[in-house]
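For reference, TrEMBL has these:
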type	residues	note
DOMAIN	19-699	domain 'Myosin motor'
BINDING	Gly112, Glu113, Ser114, Gly115, Ala116, Gly117, Lys118, Thr119	ATP binding site
REGION	576-598	region 'Actin-binding'
DOMAIN	841-1015	domain 'TH1'
Amino acid sequence: IGRVRLVMESALTARDRVGVQDFVLLENYNSEAAFIENLRRRFGEGLIYTYIGSVLVSVNPYKELEIYSKQQMERYRGVSFYEISPHIYALSDTAYRAMRTERKDQCIMISGESGAGKTEASKKILLYYAVTCPINAHMATLGDRLLQSNPVLEAFGNAKTFRNDNSSRFGKYMGVQFDFRGAPVGGHILNYLLEKSRVVHQNHGERNFHIFYQLLDGGDDNLLTTLALQRNPQNYSYLVKGNCPRLSSVSDKNNWKVVMKALSVIGFAEEEVQKLLSIIAGVLHLGNTQFGEGEEGETCITTETHATNLLGVDVSALGEALTHKKLTAKGEEMITPLNFEQAMSARDALAKAVYGRTFTWLVEKINQSVALQVGTTPYDCMLLIGLLDIYGFEVLQHNSFEQFCINYCNEKLQQLFIELTLRSEQEEYEAEGIAWETVQYFDNKIICDLIEEKHKGIISTLDEECLRPGETCDASFLEKLEDTLGGHPHFVTHKLANGKTRKAMGREEFRLLHYAGEVNYNVNGFLDKNNDLLNRNLKEVMCQSHNQIVSYCFRREEVMDQKRPEMAATQFKNNLMKLMEILGSKEPSYVRCLKPNDAKQPGRFDEVLIRHQVKYLGLMENLRVRRAGFAYRRRFEAFLQRYKPLCPETWPNWHGRLADGVSTLVNHLGYKAEEYKLGRSKIFIRFPKTLFTTEDALQAKKPEIGECKNGFPEWRLITIQSGWRGMKARRRAKRRREAAELIRKFIKGFIYRHEDYCPENEYFLDHVRYSFLKNLRKNLPRSVLDKTWPTPPPSLVEASENLWRMHMRNMVVKYCKRVQPEWRKQMIQKVAASEIFKDQKDSYPQGVGRLFLDSRLEREQINLKVVQTLGSDKVQYGVPVVKYDRRGFKPRPRQLLLTNTFAVLVDKTKIKQRIDYAALRGISVSSLSDGMFVLHMPNEDNKQKGDVVLHCDHVIELVTKLAMMASKVNYVNINPGSITFAVARGKEGIIDFVRGSELKVAKGKRGHLLVIAPQINNI
C-alpha cells in the first residue's frame, strides 16, 4: 500500500479546539447551534474553510491570509480531496483532475450574500488554474486575459452597496476550455440580470457602478476635457443620489490604472476604449439633461447637453425622441408629446438601455478575446470547467423586482443542488453495492412552479398585466395575483393574510415562503421594470449613431421588427432555464460563502448574521441530505494505512486483499453491523462517534509504536547501515566506469569521424546528429521571411534540407490559420481583383493597394425605407455612383447597393432599377485610369431598359465585389479603346476612351460619350 496522508483524520485529535473539518462528522448534525459553534471555533483559529461532504463552506476573513501562495498551490496539486485540510485549492484541483480522468465537464457553483467573498473565490480558482495548468506562450496570454477580465467586469458591473464595497450587481458564468493535455485554450462568459436601475438611482450610502468614479478620479485632464467632464462627482445627477462619492477602502484612481491596463491586455484598441468612455460620459451628461415647459405648454429640453456628441446622435433628433413618443396603429404612425414625468422616465430608460447594452457588448468583446481559436483543438477533444458566481438569496428592507428575480434564481439553484447531490449520493452507493435509503427533504418544486408555471405563475401573470389593454398598474397586478394564486400555501398578501401576519405586511406587498424563509416583495415598479422598453423613436435615433459601439448595440433590424420583445422577467426565466441545462450537463462542485459580520471587521463573528445566512443558503438541508446515510467513507487502502496499528494481524503490513484487511481490522475493533458497511472499494461508517473512538484509540497506540522502534537491536542497525554504504559505493564506482568508457568512445569516434558509419564512430556520429537536432530545435526560423538555418554536419545535409522544407511549409500553414477572417476576406478579394485587372487597367496598382471596405456608405446614409423595401435581402455593399443616361448622357447621382442575389440603383428614397445577377450578361471597363463601367443586361425584351452606364471612384473595388457576388469573374471585359453598350433593343451606344491631363466625361462626336482619363505613373 502506498503512503497516504490523512491530515483530515489527524486533525480530529484537536476537534474540541478547532472543530471538525467536515460538518458530516458533527455528532448532532440536526442542531443549527452545533453547526454554527463549529464554524465559530474554526473561524477563531483562522480556519475559514470547512466541508459538508464535497461542498466547501467559506467564511470571509476580511483580511489577507498567508494561505494562497504558489507553495500552497503545489501543496494541494494532485492530492485527494480529503488528504489535506479544506481549501478552495483542494476543490479546484479535485474538479480539474475529475475533468481529466473522467473526461467530463465540471462546474463550480459559488453562491452567498453580497460581501461574502464570491468574487474573490472565483479569482482564486482562476489563479490556481493559471499557475498550475500546463501552458505555452499563447496559453499564458489567454490566462492573462481571463484574469484581466475580472477588473474590467468589476469596474462596469460592480458597485458599493450598503453591505459590500465591491458588490457584483450581475450574475456571471465563466467557462474555461481545456485541451486533451489539460491546458487552458479558451473561455467564454455569460452575464445575467445586470442591475440597470442603479445607473439612474442609488439608495443612501450606495454608489453607482465603479467605472463612473474611476473615470472622474483617474482620467487625465485631456481625457476629461475631451469628454466635457469635471472631476467632482457631485456635479452629476446620476452620482449624487447615494451621497457617497468617495470610499476609504477603495482608490478609484489606482483602480482606473488597473482597468486601463486590463483593457489593453484583453485586446481593446485605443479607438474602442475611447468610444467606450464616450458612452460612459454620455450617460452622465444624459442624467444632467433637464426638461421644462415651452410657451405652448409642451415639454422641451432646457439645458445644453454634451450627450449627443458623445453618443454620436443628432441633437434635434434626440431632443424630439425624448419629448415625443411614436405610436403605430393600423399601419399608421402617430407622434404624441410626453409630459414632464414621461420625458424624465424616457431619459432614464435611455440611460439604462445604453449602459446595459454597452455592458453586454463589453462581455461579447471579452469573449472574442478569450475564445477558443479555430483549429487549435478539435471540439470533441475539448473539456470545460465552468465557474458560476451568482448572487445569493437577498432579503432587504425593501424588496422589489430585482430581489424577486434573484431569489427565483436561488430557488432554481437549490432545486438543482438537491437533485444533483441526491443523484451523486445514489450513484456512489450503487457503485459500491450499498443499498440506497430514501432521503426525506423539502422539495421546493412547489415554489418554482408558483413563480414560473405557464398561465398561472407569477411571471405569466406579470406579463399578462403588462400586455393587457387599458389602464394597468402595480396595484391591479397585485389584485390579479390574489385572484390567481389565492390559497396557495407559499403565497400571502395583506388581503389574504390573518391578523398577525397583516401587521408585518404593507398593502402593496405580497409574501413568498421560499425554501430559505419568508420574503415580502413590494409591487411598486414591477410593471415598469418588467416592460423595460424604449420608445421606438429613441431606438431609431440610437441606431443611426456615429459611435460604432452604440450603433452595434441598437441595430436597425430591431427597429424594423414589429414583434414585441420578451418581458424582462420572461427573458430572465428563459436565460435561467438555459443556465440550468448547462449546469445539469456538468459534474458539480459547490462553494458556499458566508460573511461573518456587516462591519467588514476581521475576527468578528456575528452569530445572528451567520444563522441568517446558514438558513438562506440551505446549509442545514445540505448537511441532512449528506448525512442521511453514512457520515464517513474512505477507500480501503486509505483506511487500512491509517488504522492498521490497531490490529496485530494488519500491523505492520497486510499482504492479502484490501477488503479482507479492512474487515479483519473492524472486527478486531469491535464495530457493530449497524455501524458500518463494506462496499466494493470503500468502507462506509454511519456514526461520527465510531470514527472518533477509532481515532482516539490510534492516538493512545502511538507511544507504544514509538517504544517498539526505540527498542530495535543494535546489530540490525549496523547491518542496515553497512549495506546502505556498500550500495552507495558500488553506484559511485559504476558511474566512474561508465564515464571513462564514454570518454574513450568520443576519442575513438573523433579519430574515425570521416569514415563510413561503423562501430568505432557510431556513438560519436549519433551524438553529433543529436546535438545538431537539439541546436536546430532552439534556433528554428520564427517566420517565413527568416532564411537562417544552422549548418548541418555532412551526414545530415539531405535530412536538413527536408527538415527545412517541412518547417517552411508548416510555418506557411500556421500563418494561414492565424489570418483573421477580415484579412482572409481582403486577400480573397485582392486575388480576384488581380485575376481581373492585373496588367490590363492603369488604375489597378492604386486601387488594389487600398483596403477594400465592407461598404462605402455609412448605415445612416442608406434610407430606412429602402432597407425596409429590401426586407430580408441585406445590403452587403453600398457605394455612391454617377449614372449616365443612355440617351443624352446626363449624369445623375445614385447609390449602388449590392445584396447576395441582386443589385439596386437608388435615388434617395426610391429604388430606380433592380439588376438580377442571374440576368447580368457581363461587365465592361476600359484599360485606362477612369472609373467608368457598363453593366450589360439582356435586351431581347422591349421592356428592358438596356445596359447601365456608371462611374465610380472605387471601380476596382466595386467591380471585384460585384463580379464575386454575381459569380461573373470571367465575364469582366477590359476594352482598350471603346465600349459598345445597348441603348435599347437593336440600338447601340459607344463610349470612347482617350488619355489626357485630367479626368473629364462629356458628349463627344457622332453621339458618342467621350471619357478623358489622366495618365498615372505607376512605380
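Using the three backbone atoms N, Cα and C, a Cβ is placed for every residue, glycine included.
Caution: TrEMBL annotation is automatic and unverified by curators.
Since this is a predicted model, take the numbers as computed values, not measurements.
TrEMBL feature annotations superimposed on the structure.
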residue : record           : contacts (Cβ under 8 Å, 6+ apart)
Gly112  : ATP binding site : Ser58, Lys118, Gly392, Arg592, Cys593, Leu594, Lys595, Gln613, Leu617
Glu113  : ATP binding site : Arg163, Gly392, Phe393, Glu394, Cys593, Leu594, Lys595, Gln613, Tyr616
Ser114  : ATP binding site : Thr161, Arg163, Asn164, Ser167, Ser168, Tyr391, Gly392, Glu394
Gly115  : ATP binding site : Asn60, Arg163, Asn164, Ser167, Lys595, Asp598, Lys600
Ala116  : ATP binding site : Ser58, Asn60, Gly392, Cys593, Leu594, Lys595, Gln613
Gly117  : ATP binding site : Ser58, Asn60, Cys593, Lys595
Thr119  : ATP binding site : Asn150, Glu154, Asn158, Asn166, Ser168, Asp389
What other residues of the same chain, not counting Gly112, Glu113, Ser114, Gly115, Ala116, Gly117, Lys118, Thr119, have a CB atom within 8 A of the CB centroid of the ATP site? Asn60, Asn164, Ser167, Gly392, Cys593, Lys595
Looking only at the region 'Actin-binding' (576-598), what are its DSSP counts of helix, strand and coil residues? 9 helix, 8 strand, 6 coil
Counting across all protein chains shown, how many other Cβ atoms sit within 10 Å of the Cβ of Lys118 (ATP binding site)? 27
Quick one: average pLDDT across the domain 'TH1' (841-1015), no decimals. 87
